[in-house]
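Student: The heme c binding site annotation in Swiss-Prot covers Cys35 and is backed by sequence analysis. Under the heading heme b 2 binding site, Swiss-Prot lists His86, His187. Taken from Swiss-Prot, the feature heme b 1 binding site applies to His100, His202, supported by sequence analysis. Annotation source Swiss-Prot lists transmembrane segment at 32-52, 90-110, 116-136, 186-206, citing sequence analysis.
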Amino acid sequence: MGKVYDWFEERLEIQAIADDITSKYVPPHVNIFYCLGGITLTCFLVQVATGFAMTFYYRPTVTEAFASVQYIMTEVNFGWLIRSVHRWSASMMVLMMILHVFRVYLTGGFKKPRELTWVTGVILAVLTVSFGVTGYSSPWDQIGYWAVKIVTGVPEAIPVVGSPLVELSRGSVSVGQSTLTRFYSLHTFVSPLLTAVFMLMHFLMIRKQGISGPL
């Protein structure tokens, strides 16, 4: 094992990377509330893992979506647990995100030179909410259907561009298969990818600038 480690160490300088990570200065005022962002990240990773597991059985069609969710809950080994953890971690992620935003705002973590960190955080907050909106439609039950109909109908109040926006979000004039396909794509691919990118930017900036000092 020593020779294998030395081979990687010679090429990647693993020890230097480890020393940089473990020796980062942590201000003495930091408390448990500064962990809220990390907890949000943990919830996101749980979401990715459980969501990926359910994609093996879920069918994003208006005729099979509800039945496939029922199949996951009743027939798949530990399917009920996987879906329940997915739902619980989704609620926890939203809660932790809100608390994290309040903590950063109240402690002045958005001030110079951390404005861009705050901007990426706000974008991540919007993406977090988008997970809830797009994922709510997945079972395609009565609640999911009418929630999608209401949400996609909101832009109709906007003059001139309202109706085109509604049709764009629904994929047609009315809510149907195109709507479910769009929401499923956003929920399982677009939103997770954007979230991963902005999280990486967010953490790199925190790593570079460090934790903000006390007020």
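Cβ coordinates are placed from backbone N, Cα and C, and glycine is handled just like the others.
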Student: I want to check the contact list for His100 (heme b 1 binding site): same chain, sequence separation of six or more, C-beta distance under 8 angstroms. What comes out?
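Tutor: Within the chain, His100 (heme b 1 binding site) has Cβ neighbours under 8 Å at Leu36, Gly37, Thr40, Gly121.
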Student: Please give the sequence-distant neighbours of the transmembrane segment (32-52): residues at least 6 beyond its ends with Cβ less than 8 Å from one of its Cβ atoms.
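Tutor: The answer is 82-83, 85-86, 89-90, 92-93, 96-97, 99-100, 103, 128, 131, 188, 192, 195, 199, 211.
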Student: Tell me, how many other CB atoms lie within 10 A of the CB of His187 (heme b 2 binding site), whichever protein chain they belong to?
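Tutor: Within a 10 Å radius of the Cβ of His187 (heme b 2 binding site) lie 21 other Cβ atoms.
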